[in-house]
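Pulled from TrEMBL:
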type	residues	note
DOMAIN	30-650	domain 'Major facilitator superfamily (MFS) profile'
DOMAIN	453-508	domain 'Kazal-like'
REGION	671-691	region 'Disordered'
TRANSMEM	27-48	transmembrane segment
TRANSMEM	68-89	transmembrane segment
TRANSMEM	96-117	transmembrane segment
TRANSMEM	214-235	transmembrane segment
TRANSMEM	256-278	transmembrane segment
TRANSMEM	337-363	transmembrane segment
TRANSMEM	375-396	transmembrane segment
TRANSMEM	402-424	transmembrane segment
TRANSMEM	534-560	transmembrane segment
TRANSMEM	625-647	transmembrane segment
């Protein structure tokens, strides 16, 4: 009999072990698939951010328009975020995530599509790059009887140029592709994290979340390394003779093969969607099952009942779903802790989005780094630091098992330290480059009060130069000139690279001691003082990124730990909706609009309209860029103080209420004993009782 009982127990234990193994394998597979999708999501984001300057130059648009393109990703999110967050948790979450990855990949490929029908890139108004040519275009020098090249260009050539230049509104395809990418990425975050939190062991959610974000950093690293290599390649590689390109990657007009990054990211995103279609809708809980609240259990029971009763009445079912959504939204919107967290993260993320969108452009313009070098530096410094910070933050929260108040305090402390490091950037802003006609008079001897309509000097007044042309040359006196003509140069070395210009009268006017009055094609490099500041900038950014990432997991835990368990998906989704609507869309636009105000020299396209910016006032750019970010960060710190104070007040209120309830219960117990006291005979000293 004992043997039969033992056999029965073993046979019952076998399915249990199988279910447990299946659960563990299913969870591990989901975690691996979600990690890959997060890597692809981050890869797509970094490819877009690192291509901002390339897209701006390729389509000849302003920073504010580029900001609109970048914000279109958030617009895509807005279309579906609420429905995905609320209804997605009731459907097959892994399959919805898989469909999202598929759409995300399609959007990235659509972003690269304009390259294939736009024609060849013209980096100068006078330049027409022909795939069969093996020569450089004529560069205008100072000749007293010169007729501008622009004016001698025949209508036929101008017409051909229009066929080969950027299509005016082709950037709309980039906007649409980025919007589609935003739609596809929507379910990955809220549904993936809620699924992870539902089936992870109790107390391990924050560790998995930190590990997920840390491993997802492989996406930005890969993206930046790819973008660095693609930025070195000419945009029309394979279509034009590269020997006919006279500019280098350090030139402000250079455009790399930006479209290649989007093709790679799109294909990887499509591949990442495959595992999700083979995962179950839900997993069995592990043996150490988390405690589910009674309210959550009742909600699920009611949902099951409503599903069975409403099969014949879809309209009533839809009405109940909408009513449930409104009630759930009311519940989280009347939660003061959730709302404070919502506003402070909105300020933080607005600052981050605006900063990251133009970070690559800032380094290029402020410190004179090429796009390829900038991408490589970000990949080597910022991304590993952020990854280490996220992993460390997740480990700390798991090790010390923070309460909700502990999460808030830790997040506030890391934000305060990172803000302190961020303030140091004001001291690392470089002086504007010495540019004749923008920061100096054309003879290079005196600074100018404004870069607008600087009058010609005696050294170039008879040269008949086009002041709209941007063909910068660097004189041996260390001053950059807008064009060889405006530098007063009379001759050049021709097609021989590097191209050198001789007998430049404006270079001679500065009284340069060596008697070398020549200039070479391209802007002058930054001085040694600015180069030293760049290394300090890298060190400050490393510390800033580490402490920001350190508190990232804690900040995210505050979002859904402040609401009821059954409202987690909706809380995360509504948070994402608000952040994207009020932060993700407007932040790149108003950051870009303010950055545009620092521009000193705009390109003029063939339609006579303002295009992309060629050079900025470094001081105004730097102070605007950092000032706007720090204003948002400071406001977020104030809200952190309000959050911690509100949490403490709420905890004190609970303690007082519990104490009052305890006293009330004790008084009631004493009263009952007094009321019943007459029936209990008094005891004698000897321990006996009188009856």
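Heads up, the Cβ atoms here are built off N, Cα and C, so glycines get one too.
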Spatial neighbours of the transmembrane segment (214-235) far in sequence, C-beta under 8 Å, 6+ residues away
35, 38-47, 50-51, 54, 58, 115, 121, 242, 245, 249, 255-261, 264-265, 370-373, 375-376, 378-379, 383-384, 386-388, 390-391, 394
Quick tally over 68-89, 96-117, 375-396, 625-647 of CB pairs under 8 Å to the transmembrane segment (402-424) gives the top stretch as 625-647
Which bits of the chain, at least 6 residues beyond where the transmembrane segment (375-396) starts or stops, bring a Cβ under 8 A of a Cβ in it?
50, 206-207, 209-211, 213-214, 217, 220-221, 223-225, 227-228, 231, 359-360, 363, 369, 410, 414, 538, 541-542, 545-554
Cβ-Cβ under 8 Å with the transmembrane segment (27-48): same-chain residues at least 6 beyond its ends:
70, 73, 94, 97, 101, 104-105, 108, 111, 178, 181, 185, 188, 192, 195-196, 199-200, 208, 212-213, 215-220, 222-224, 226-227, 261-262, 264-266, 268-269, 272-273, 275-276, 279, 283
Pairs of Cβ atoms less than 8 Å apart decide it: which stretch in 68-89, 256-278, 534-560, 625-647 has the most with the transmembrane segment (337-363)?
625-647
Across the domain 'Kazal-like' (453-508), what is the average pLDDT of the model, as a whole number?
83
Summary of DSSP states over the domain 'Kazal-like' (453-508), given as helix, strand and coil counts
4 helix, 10 strand, 42 coil
